[in-house]
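Feature annotations, courtesy of TrEMBL:
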- B:76-256: domain 'ABC transmembrane type-1' (DOMAIN)
- B:21-39: transmembrane segment (TRANSMEM)
- B:80-101: transmembrane segment (TRANSMEM)
- B:113-136: transmembrane segment (TRANSMEM)
- B:143-162: transmembrane segment (TRANSMEM)
- B:182-207: transmembrane segment (TRANSMEM)
- B:214-232: transmembrane segment (TRANSMEM)
- B:238-257: transmembrane segment (TRANSMEM)
Amino acid sequence: MIENSQPKPKTIQPVAPQTKHVSLVTRPRKILRGVLAGLAIITIYSLATLNNGNLVFADAFKSLGVNLNAMFLHPGVGQDTFGQLLRALVTSVSLAMLTTLLGAVIAFFIAVGAARNLAPSWLATTIKAVMAFIRAIPTILWVLIYSVVMGLGASAAVVGLTFHSVAYLVKAYSESIEETSQDTIEALKASGVGFWPIVFQAILPSIVPALLSWTFIRFEINFANAVAVGAAAGADDIGYFLFMAGSFYFNFHEVGLIVYLLLAVAIVLELVSMKLRGHYLKHN
Amino acid sequence: MKTSFQSPQQFFRQRRLRLSVVLIILIGIYVTSMALVNFQTWTSIAKIPAGLIWLFHNFIPTERSISYLGPILYQLWRTLLVSISSTIVASLFALIFAILGAKTTTPSPVFRIVIRFGASLLRNIPVVAWAMILLFSFKQSDFTGFLALFFMTLGYLTRAFTETIEDLDAEKLQALQAVGANYFQCVFCGVLPEAASTLTSWVLYMIENNLRDATLVGLLTGTGVGFLFDYYFKSFRYDAAGLIVLLIAILVILLELTSTQIRRAIA
């Protein structure tokens, strides 16, 4: 007989698995936190030791407010005429276009030599290293250096800007070329197609959208640089007028007007780039 | 492409036509801008080799320029500090604006429009104009350079951060809301941890960029290594100026390599 008072029969309890501590803090997270902490410490140190030239901040910000008011709410032409400023603006845009076009053409041919799937690896490495060095030096320094060699004026600005554009675009273009699949190139090589036909008939058509979008990005950069460079090289463009109005005549009304003109160009550029990107995204 | 071609011949003819039209337009743009800028292509290109030779002749640092190394390194260090700190401070503000302005986390559409517009305004005012406006109020000090870089970076990072946050999965946010998380929990436990590594790589990119721009800002506001370059350059001490160029290039390349490493580690 089995009675209730009998000791319970042995049952096999499943052993609960050892609880393992799962941490959300993975290695990348730790590195991320370390980097952010490091940057925060550098920032605090830098802000604490920042040389502020014994400024009275309240006064400085008040005068900034007055200047901004003069700039943005009361723009005027100053001692130059509106026509002169427009002409200078056109010069700036042309400067950007010229350097971008020149840079793009030169950069494409260099990029063919810098792409690992087309050129021998020693050549690609050398070109990439040289371009990295040119890119690392700010555009403005190139322009200043060339303004000594060629004299002040447009030529120095064009050559300096082109130099930096080429270095920037070679990197972008060669990376786009390297994305073309090796199979395509090998198939064409096997069927006896020469080097340049491969480049122009197979690779170029497949990377046109990437090239266009990089070139347009560079155009925007070049426009900003053209303004900055005009101030330094005296290329007679809008940057020069900006520099004269801001640093020699202290005419903030004119600075405001020039900033408005530049904003208008920037808005147009942004709209064009949105259209361009939309167009190519749709087709590809 | 929608156009259908009857024969390969027609396809190639069409293609050749389109190519030549594009080429003619590009050449037209080139010639027009050349005339407008008053730039002579061939004479300038012919001068480039001579320029490079002159460059290597005069800009190679000599033993004499070693004596300038102290002040140059100090200013380079200051410039690096200013570019890092302006980026970090700007990124804090940009993060707040981006959360308020992104489509998925905005409290009201009005914020979104105002922030977009403001960021675009800050981004498109050229750094030259910033430097001049600020120089007038803040005089020749590191703080002027800091502010000029700060405003520009704020514009760029607000846009980059907004787009990063908008690219995140909206469904995760909805799931969090469905289980009853409030707005702050959604933002701090849902959005930020996921976006953190992308946001950090944007910050690293901006630091690189700012180091380059800091030279230009320094040139215009009379601070940092840019001013030192201008000073040596204008007093014809080209070897010292060349030393600065070399050191800037080395610093930029080092920074690029470091941030590539960090980006790979946190991805």
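Each Cβ is built from the backbone N, Cα and C atoms, and glycine gets one as well.
A TrEMBL annotation is a machine prediction, not a hand-curated record.
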Considering the transmembrane segment (B:143-162), which listed stretch of B:21-39, B:80-101, B:113-136, B:214-232 counts the most C-beta pairs under 8 Å: B:80-101
Distant-in-sequence neighbours of the transmembrane segment (B:238-257), which means Cβ under 8 A and at least six residues beyond its ends: 58-62, 64-65, 68-69, 72-73, 76, 80, 207-208, 211-212, 215, 225, 228-229, 232
Long-range Cβ neighbours of the transmembrane segment (B:21-39) (under 8 Å; 6 or more residues past either end): none
